[in-house]
Each structure stands twice: as structure tokens, then as C-alpha cells.
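Over in TrEMBL, the protein carries these features:
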- Asp67: active site, proton acceptor (ACT_SITE)
- Asn136: active site, for ring-opening step (ACT_SITE)
- His138: active site, proton acceptor (ACT_SITE)
- Glu143: active site, for ring-opening step (ACT_SITE)
- 11-224: domain 'Glucosamine/galactosamine-6-phosphate isomerase' (DOMAIN)
Amino acid sequence: MRIVRAKNYDDMSRKAANIIAAQVTLKPDCVLGLATGSTPIGTYKNLVAAYEAGDLDFSQVKTYNLDEYRGLPGDHDQSYRYFMNVNLFDHVNIDKANTHVPDGLMEDYEAACAAYDAAVAAAGHQDLQLLGIGNNGHIGFNEPCDSFIKGTHCVDLTESTIQANSRLFDSIDDVPRQAYTMGIGTIMAAKSVLVIANGDAKAQAVHDMCFGPIVPSCPASILQLHPNCVVVADEAALALCPAE
Ligand code: PGA
């Protein structure tokens, strides 16, 4: 696991976008695993700017997102499909048919989750998986629990996640209590992983991810076992980590 120190959010966002841009440049038909949340918004802005400058071509890129709230349709303004359209897909030359976000309205969800994993595998797995990290150490919506769950599955969100995400909803009662998420096995199968984190609220989680025991109570800690994982984090998020 390699740690890249960024000065602040903007610096983190530029560095992360540069890594993703290099992936798209080197392999124009790459498979990107993508993330939502506040953290990647600046990264996506930088990718859009690079596209507008003529430096990036997304026409052959395929994407698979980590997660989606259960029960939200893709046109709901808090759904992750909507987030991806608004923050990235609507602004670059990606073919929307090549973009995939778990369907929040899937009916036979066990079959649909298995099909999602099969599709990621059939695409050759993610060349690069972008991840944020939750205050509680979650990746995707793999919440702290007793075991690492391998495949895409339905999760009950923890109070801490519901609380953290309520800032984006009119009221905490509107936050869905469940979500679909890629499992740890699906994430770990990515050829490379890029974790981004900023702000002091993430400091403990970033420390535990990089230096704590590898335990499902901190799902991100499994990334210590990934052969090609880069963490780009700002000073505040790295405050509890050793200096070098
Ligand atoms: P955030 O969420 O980027 O909104 O902080 C990160 C996450 O929960 O993975």
C-alpha cells in the first residue's frame, strides 16, 4: 500500500484525477470501478476538465460503480446513478450503455447482485477501482461487521453512515436504511485500487486502513493485502499516520 500525501482537497483531487487519466490514456478501453460521495467530486471535475481540454477520451471506457441505495430509482436526485450522471457521465464522451450502477430497484436482488459480479468479471475486472472511505472504515457500503463479504450484496446501513449521509437528504428519515454494494472480493479483484480521503473526520479510518489489524470491523484494512493499492490523502486525513 502506497501513501501519497496531498496538501489539501484540491491537491488530492488533482493527483487522483491524474492517476485515473493515466489509466485511461494507457488503456483507452479500460474498466473503471467508480465511487460516489463528497470525496470524488473534485476528482471528477478534474477529469471533466481534462476531457474538455482534449486530453482524455472516454469513448471506449467501461465503468462499474460500487453501490446504490436500495429503493431509489436512478432519476432520484440522491441516487448514485444520478450522482454519476451529474458529476461525470453527462460531461464526457462516455457511452452511457457502458456505465453500470447497481439498480436500486432490483427485484430478485440475490440474482441481480450475482449478475453484477458476473458482469464485472466478464469485463475482465476493474483495471482501476476508485474508493472513498467512510468515517467508520467502510468501502463501498461494506460496513464494519464480523466477516468480509465477497460478492455484491444487500447491506443494512449503520447508524454512523445514515447520520453521515443525512446531510444530503431533507431529513434523516429520508435516508434509505439499506443499500446494494460490491463486496470485498469484487473490490479486491481490481488490478489497481486508488483510495482518496480528505479531512480530519477520516483520520482514524485512514490510520486503521493503512496501519491497523486486517479485520472486518475496519473493512478498508483488507486493502493492505492488495498488491497495487495507492492512497491519496490530504494532511488532515493523514494526521494520525506516521509521517513517513
Ligand atoms: P464521502 O463518503 O466521500 O461522502 O465522505 C465516502 C464513503 O462513504 O465512502
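From the backbone N, Cα and C atoms, a Cβ is placed for every residue, glycine too.
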DSSP three-state assignment for Asp67 (active site, proton acceptor): strand
DSSP state at Asn136 (active site, for ring-opening step), helix/strand/coil: coil
Rounded to the nearest Å - Cα separation of Asn136 (active site, for ring-opening step) and Glu143 (active site, for ring-opening step): 8
Count of other CB atoms lying within 10 Å of the CB belonging to Glu143 (active site, for ring-opening step): 22
Rounded Cα separation (Å) that holds between His138 (active site, proton acceptor) and Asp67 (active site, proton acceptor): 12
Between Asp67 (active site, proton acceptor) and Glu143 (active site, for ring-opening step), the C-alpha gap once rounded to whole angstrom: 12
Glu143 (active site, for ring-opening step) - helix vs strand vs coil (DSSP): coil
Other CB atoms within 10 A, centred on Asp67 (active site, proton acceptor): 23
